[in-house]
Amino acid sequence: MTAEHVNPLRDPTDRRLPRIAGPCSLILFGVTGDLAKKKLIPAVYDLANRGLLPPGFALVGFARADFKDGTFAQMIKKAAKEGARTPWSETVWKQLAAGIRFVPGEFDDDDAWDRLADTMKELDDQQGTGGNHAFYLSIPPSLFPVVVSQIKKHGLAESSKGWRRVVIEKPFGHDLASAVELNRMVGDVFSRESVFRIDHYLGKETVQNILAFRFANGMFEPIWNNHYVDHVQITMAEDIGIGSRAGYYDSIGAARDVIQNHLLQLMALIAMEEPVSFNASSLRLEKQKILANARPPARMDLHTAQAQYVAGWAGGEKVRGYLEEEGVHEGSRAETYAAIRVDVSTRRWAGVPFYLRTGKRLGRRVTEVAVVFKRAPHQPFNKNDVEELGQNALVMRIQPDEGVTLRFGAKVPGTTMEIRDVNMDFAYGGAFVESSPEAYERLILDVLLGDPPLFPQHEEVELSWKILDPVIAHWKQDKEIDTYPAGTWGPPSADAMMARDGRTWRRP
Ligand code: BG6
């Protein structure tokens, strides 16, 4: 067994079993969309290439598009070839292609759903999918109600023969009330165990490693608390703009796009107590306790920042501002940068602020969690000698350059006792020969296996909205939105927010 098959979140007694999905089909709504082409289809191919899909696997596309004979499979092939992580194999492709089907139609067209039901039956007979079908909703949230109700109306959510699952891509609502409504609607059709909410950050190796790092080692946990930790900074920075995604992004903004899900999940993993086991319910329980105890800042005017990028530079090229991007509404107030302080009121974390920030068109692409430690209580050195000594920090590099860095002070060689910060580094690339699977490979496989630990339950989703809703409501009152030039590290208000607490953002 190679290390890439090892799932640190599975029961250790399962470790020797290869994780291969049984016969089933994946029915993809939104198959012509960006996510499907760039991530989902390549991930399916990579899984097939790694031998983790059964011969009887089927991929069904359901969309309005009118593909002539064979052109759907060609589109899938092109997307798989362009996005695959593993080498191309015609043999693997041929096997996959045998199970590819396309059903044309509008989501509200009952005849099209009848055709889908027929296709599923045919696949059960011809491909041996055994009644096992996962519906993957990679579509705008406005289409969830029609698709979910059609699944119910056509009796596709249940089967006496096999399992039925539904996969929902974020955003899970746009505030607490809409998330509750979405959960109610989905829960009306699918049982709790059959709903898989995708937060693709949880599928990343480096994110799963947070739990391995914390709970497999003896030396970090004793200092993982407010006696030693000064604060935590969670950064998800992107150098790209919004590209062709204005339709989605402009009504959402940075906080709803990634803080509500990816960054609050990272925070929960960093802050949670040791779970009883790594099964889904134990993990969720611990994450929920953190989210339930997490509060937005009391003074949102002082401890949050939001801004929009204006024209600037990216990769040596001049780039336009957000308001000039194609499809953005005139005078849009959508924030492309968001930073908030979150306080977690537990015995372990009281008094330790968690600072979460994200932005498009920042200096570079980097996601990291920095646990910044308090200074030593006493420094027996001359003031000048420790001028260049910062606070100790443990930085988990989620991406790129995946790894962990420990920053501490060391003596500069020479005749004086000058002390300066140095880094001790673990890099995935240097320590392991296996390359990490893409998050979507892992998550799609887990859906097909019915393995739930990496999927947030609705309680986590709702608790996360409870943290964010008041911040967004507060931002709505602002008459103007702050700005930052593309290629910089965000607006001055974000620096001011840290300065008020006597701290600075790390420059990743
Ligand atoms: C998505 C957001 O969830 O994550 C995007 O909707 C963002 O706006 C993307 O670009 C980033 O993902 P990754 O895996 O490249 O960090």
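Using the three backbone atoms N, Cα and C, a Cβ is placed for every residue, glycine included.
TrEMBL: automatically predicted annotations, no manual curation.
Remember, predicted model here, so these are calculated numbers, not experimental data.
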Candidate sharing the NADP(+) site with Glu106, Phe107, Lys170 (per TrEMBL), from Arg64, Arg85, Arg184, Arg192: Arg64
Additional site residue, Lys94, Lys121, Lys360, Lys374 [criterion: listed by TrEMBL with His200, Lys204, Glu238, Asp257 for substrate]: Lys360
Segment assigned the feature region 'Disordered' in TrEMBL (from 457-482, 483-508): 483-508
Residue numbers, six or more beyond the limits of the compositional bias 'Basic and acidic residues' (498-508), whose CB comes under 8 Å of its CB atoms: 230-231, 233, 235, 237, 302-303, 341, 353, 355, 357, 363-364, 366, 368, 370, 372, 393, 395, 489-490
Binding-site residues listed as Glu106, Glu238, least Cβ neighbours within 10 Å: Glu106
Whole-number Å value for how far Lys360 (substrate binding site) lies from Lys170 (NADP(+) binding site) (Cα to Cα): 18
Nearest recorded site to Phe107 (NADP(+) binding site) by CA-CA distance, among recorded positions Lys204, Glu238, His262: His262
Top Cα neighbour of Lys204 (substrate binding site) in the set of recorded positions Arg64, Glu106, His262: His262
